[in-house]
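Below you'll find the structure, written out as structure tokens, and then a few comments.
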Amino acid sequence: MSGWSMIRIATILVYLFLFAPVAVVILLAFNANQFGGFPIEGFSLRWFEALWHNDAIVRAFKTSLLLGFLTSMVSTTLGTMAALAMVRYDFPGKRTISTLLVAPILIPEVVLAVALLLFLQALSMPKSFGLLLMGHVVFTLPFVVLVVQARLVSIRRDVEEAAMSLGATPVQTFFEITLPLMLPAVMAGMLFSFTISFDDITGTLFWKPGGVETVPTQIFAMLRNSISPEINALGAVMVIFTIALPLIAASIARVMAMRKLRASNRKTQAA
Amino acid sequence: MADTTNAVELQNVVKRYGEFTAVKRMDLTVPDNSFVTFLGPSGCGKTTTLRMIAGLTDVTEGDLLIRGKRVNNLPIHKRNLGLVFQNYALFPHKTIFDNIAFGLKYRKVAKADIAKKVTDALELVQLPHVADRYPNQLSGGQQQRIALARAIVIEPDVLLLDEPLSALDANLREEMRVELKRIQRELGIATVFVTHDQSEALAMSDKLVVMNNGIVEQEGAPEDVYNNPASAFVADFLGHSNIIAANLGSPNAAFTSVNLQSGETLLTTDEQTAKTKGSTDVRAVVRAEKIQLSDQSDTGEGVIAIPGKIKTVDYLGQQARYFVTANGRDWQVINPIDARPHKEGADIFMHIAARNCVLLPGHQD
């Protein structure tokens, strides 16, 4: 057997190891039988229907969506501003601040979770949805900062200087030139923070106030009682949701770019 | 007090970055309609000066006037300037039309007028059919023309050009140089041009400002600066010069002898000796292309012949650059090639006319 076919087989095995469990969950979500197992006995959407009628899950889903949406908004706004400051301005302590901003990626999430909790206890503040949101912002922020910073570095300063020399104020220059040019990175950062927040369980378990569940913590709670096929269905929904969102966003971006290019080509030919 | 016929005026302008002084006490005027070039090696302060005029860098000391008005504290977007960068700096997400219209939009020009002005500007830079394209669909030279159109369409008080030709390749650069000069003439717009390329500077300027280490070494018409360098730096930076310490001899009828420290004696004119302010310590500056090489000594009125040996030959096509050793000293000589360049190792005579021996006072700057 040649070296290449060994590598090919190894690759296939690794992918199987990574994705087979996910595939099993999705397959079992369509299983008609109450007790999961192979071979699958009949195709059914009853578990998805059950999901739809399970108030706790619907509530958790809404909470996750709201939390993800707010996290991505706050993180993207703060992260973009931080990236701008890091790339465009010089100020004392810049390096330290830059390291601190990215630090949450390097620190184990459990440590971060406990730290924030202890900190709030020291301030004798109770757990709240606000605290949960704050926690999510803390560890999604580095992703936004890194993505936007990378893009911003490639936007030449002289493009902004040209805009100002033509009479645009710094604020007008930001909205007319800088923001449109870095928009892809801002959108990517927003998607990143949404998905990370939507998927997170560790920090959420520590920070969530009583009675509030997100989809991951809801699944976790349900698993403690029994392995219901509903969980498979919920898992399938989560997988589809987190994969589809970036794909849809990317294809929208591509369609818009194509349309713009085509319009300009048409005009060029007409000229 | 302020002279309104000057587009830009710098009075005692200083720029410091912490301990480092980038521009030291600069006094300069850019007259209306004129083309002024800042020439110098990188780090000489030419770009810093341009950025101060533009408002992209603030002035540490002194006064900066545009059209007679002090603008030290006026932000860039309120100075009416046209700025062209080395890397074009077009807005990549906007069409060519929108790029050029950008400045007009902020000047509250009516829509119909904007279209007219943009079309005129595109005509002027000879790219009438690209309005709907995006910058990345144009070549480098075309992009730079658009950048120029964008800068002049707002009818700026001054046009500031920061090495605008440096990113273009050699042939295109010459074409753009002619084009740029034509447009500047046509519009009669005061222009400040920054470059490190001496041929661009000599070809384009009405006034040449040679800078080094944050000071103005010399300013004047290109021919004057070229033919009569005021310092060893200028003599060496513009073209190739032989600079040799010497002592002045006593004047004879027509010429004064210049005794080089390397042993030879040259002749010079009264016009040159007048610059030495009575001192006999001087430096003789002889441009490489003003020395004639030939096999035979052929001295005429005011011409000295120095025998030497050709050490190396640099073949450049229309001309050749020689290093000639005479009395243990190397001379640089650039001569047009007649049929064949002189051979390496050949014995040769260097002919130097008195009018080509320029003097600088003192043995050192």
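Cβ atoms are placed via backbone N, Cα and C, with glycine included.
Lifted from TrEMBL, the feature list:
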DOMAIN    A:61-249  domain 'ABC transmembrane type-1'
TRANSMEM  A:12-30  transmembrane segment
TRANSMEM  A:65-87  transmembrane segment
TRANSMEM  A:99-123  transmembrane segment
TRANSMEM  A:129-153  transmembrane segment
TRANSMEM  A:174-198  transmembrane segment
TRANSMEM  A:233-257  transmembrane segment
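Taking residue pairs at least 6 apart in sequence, the transmembrane segment (A:233-257) and the transmembrane segment (A:12-30) share three or more C-beta contacts under 8 angstroms. The transmembrane segment (A:129-153) makes no contact with the transmembrane segment (A:233-257), as judged by fewer than three Cβ pairs under 8 Å among residues 6 or more apart in sequence. Beyond the transmembrane segment (A:99-123), the same-chain residues lying 6 or more positions past its ends with a Cβ under 8 Å from any Cβ of the stretch are 82, 86, 131, 134-135, 138-139, 141-143, 145-146, 200, 202-203, 205-207.
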